[in-house]
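Student: I have a structure here, written as structure tokens, and I will follow up with some questions on it.
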Amino acid sequence: MVVNNKVDSLSYDVEAPPAQAPTTPAVVSAPPTPRGEAPAMTTTAAVELHKVSVPERRSTAKALRQRLAEVFFPDDPLHQFKNQSSARRLVLALQYFFPIFHWGSDYSLRLLRSDVVSGLTIASLAIPQARTRNLITHTHSSFVPPLIYSLLGSSRDLAVGPVSIASLVMGSMLRQAVSPDQEPILYLQLAFTSTFFAGVFQASLGFLRLGFIVDFLSKATLTGFMGGAAIIVSLQQLKGLLGIIHFTSQMGFVQVMHSVFKHHDEWAWQTILMGVAFLAVLLTTRHISARNPKLFWVSAAAPLTSVIISTIISFVSKAHGISVIGDLPKGLNPPSANMLTFSGSYVGLALNTGIMTGILSLTEGIAVGRTFASINNYQVDGNKEMMAIGVMNMAGSCASCYVTTGSFSRSAVNYSAGCKTAVSNIVMASAVLVTLLFLMPLFHYTPNVILSAIIITAVIGLIDVRGAARLWKVDKLDFLACMAAFLGVLLVSVQMGLAIAVGISLFKILLQVTRPNMVVKGVVPGTASYRSMAQYREAMRVPSFLVVGVESAIYFANSMYLGERIMRFLREEDERAAKCNQCPVRCIILDMSAVAAIDTSGLDALAELKKVLEKRNIELVLANPVGSVTERLYNSVVGKTFGSDRVFFSVAEAVAAAPHKTQP
């Protein structure tokens, strides 16, 4: 069916869909049209009105089930199992719960080559770091958890290991009650038990499908986090790069720089010379690979090659003036499952420590994983990450490991070395195992400075200045969240930076909900389409009508603002009409095509607004409500107040049908 409309002396055709219910043509006349306004529908225009359909009725249980499914299972994971054989379902289940079976079928020798190089590179960092922190459990934490994560994790770039924040928090909380020097066995028991509780807490979040929590880590937040963490990690490497012996364990920019200059008398020129030389070589190889992708192997092999060469140089020169790793104990620690304690006066301390370190490590691990996933354009499943990190910590607590997660510095080196899949974690764990059993003496002469140079090279390229500039250009609040994460991580701590950035992101959401965007709409000449007059300059007002578009759900948080803003629009429109000697507004059409949902407070606000407008002899009608809004409208008393004759299929039909009711 084709309907001919005439707007502003322009004829246009609108193809209407077949009628679903008996309809009534509305033929109306319009007053004289002032200059610059669109005329109302004339007597030559007949518009067929369509009934607004109510969605199929659902029981409360069905509606609740569908809503919960959208919240906890948006990816519909069971869909792939439909109409499949039992054998195929088993394969799909293995691929879903163990991502390694999913991408492992397409694994190739080329990928293995890249993963071996990156795995050996991060292993060359993991062993020496154990000596620098005086923790043999640190080495075991680089062996068992990475194997678990490679089976369950969804990130390709995440390198698993202990992180400074979780280690410091666990140590400080446990030291308040137990001294590691006076009661070392009890201290280890509480550390392993806390790690187990941390794993249980993390895995529970994943099991309960609460992965959507990580969605609050926006791209802007991750950009700021990545830049701040990169600078902090780089500054911490000044200890090794300058040869400082006494260095702060804090991570703030001010504390680190204060420690650097406070101990300037410990700076060693031999260490600085070697560090600057290898740092220049590593940066040069990185630049070569960036300019010529075919030479990717140059930068990928550079870190491990630097470790070998620097160790040889240190051995030949007898490490004169250069700090080296020194002796590392060989062998594996015994299992620690028998050291887990779930009774006694310290269980509460272990539980609190586990939950706190579990939150911190989980937040940092997922933030790091999503950061590198955004760089490589793939998705990280928050639920799988929670499960993977939780299970690996539970297993690690039984294998002499303390809490582990995705390490930013290791992941940066892993990414820089060209890793392709989680096999790099398997290679690292295997290399750590072989080293623990046989190769510990080889690291005696490895300079600490070479580790610092490798980490600085890896993280310095993660500072995305251009990305921050784009955020400023596109969205100022996103830029604010980015800078909050950056400055929070840089000046306070990783967790505080993320917390501030997430808080700003939540404030942005609340701002959009409580103060939704509302626009005055006009008809675009030559069409039956109503668009924002601020966006479309050619859009024209229709005499006696005020068309308002609401571009947000209507909730209790913005229902009062809705009424206030519409009354302000009405006042401004009446003032404009009086100044131009035009007809005042007699009908307000609320375009609800962008209103995704409405609650009881929103419905009450519409009813109250309708009463206020009726006292001023102004009609309020609704146009194009979506299914869920229509369902709630017609199931409430408010729906009866409006009636089907005040709810229209489109704004054009509302304009066509309403004028004969609104004549003064």
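Each Cβ is built from the backbone N, Cα and C atoms, and glycine gets one as well.
Residues or ranges marked as compositional bias 'Low complexity' by TrEMBL: 14-30. The domain 'STAS' feature in TrEMBL is assigned to 535-658. According to TrEMBL, the feature region 'Disordered' maps to 13-39. Taken from TrEMBL, the feature transmembrane segment covers 184-208, 220-247, 267-283, 295-317, 337-362, 422-443, 449-467, 479-507, 542-562.
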Student: List, by number or range, the same-chain residues at least 6 past the transmembrane segment (542-562) whose CB is under 8 A from its CB atoms?
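Tutor: Counting only partners 6 or more residues beyond its ends, the transmembrane segment (542-562) has Cβ contacts under 8 Å with 30-31, 33-34, 37-40, 510, 512-523, 530, 532, 569-570, 573, 582-602, 604-606, 609, 651, 655, 658-659, 662.
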Student: Cβ pairs under 8 Å only, please: of the recorded stretches 267-283, 295-317, 337-362, 422-443, 479-507, which one is richest in them relative to the transmembrane segment (220-247)?
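Tutor: When the Cβ pairs under 8 Å are tallied, 479-507 comes out ahead.
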Student: Please report, as numbers and ranges, the same-chain residues at least 6 past the borders of the transmembrane segment (337-362) whose CB is under 8 Å from any CB of it.
Tutor: 163, 165-166, 169-170, 173-174, 177-178, 185-186, 188-190, 192-202, 205, 386, 389-390, 393, 397-398, 403-405, 495
Student: Below 8 angstroms Cβ to Cβ, which residues of this chain, lying six or more residues outside the transmembrane segment (267-283), approach it?
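Tutor: Long-range Cβ neighbours of the transmembrane segment (267-283): 240-244, 299, 302-303, 306, 310, 313, 320-323, 447, 449-450, 452-454, 456-457, 460.
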Student: For the domain 'STAS' (535-658), what's the mean pLDDT in this predicted model?
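Tutor: Average per-residue pLDDT within the domain 'STAS' (535-658): 88.
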Student: Going by DSSP, how much of the domain 'STAS' (535-658) is helix, how much is strand and how much is coil, in residues?
Tutor: 61 helix, 21 strand, 42 coil
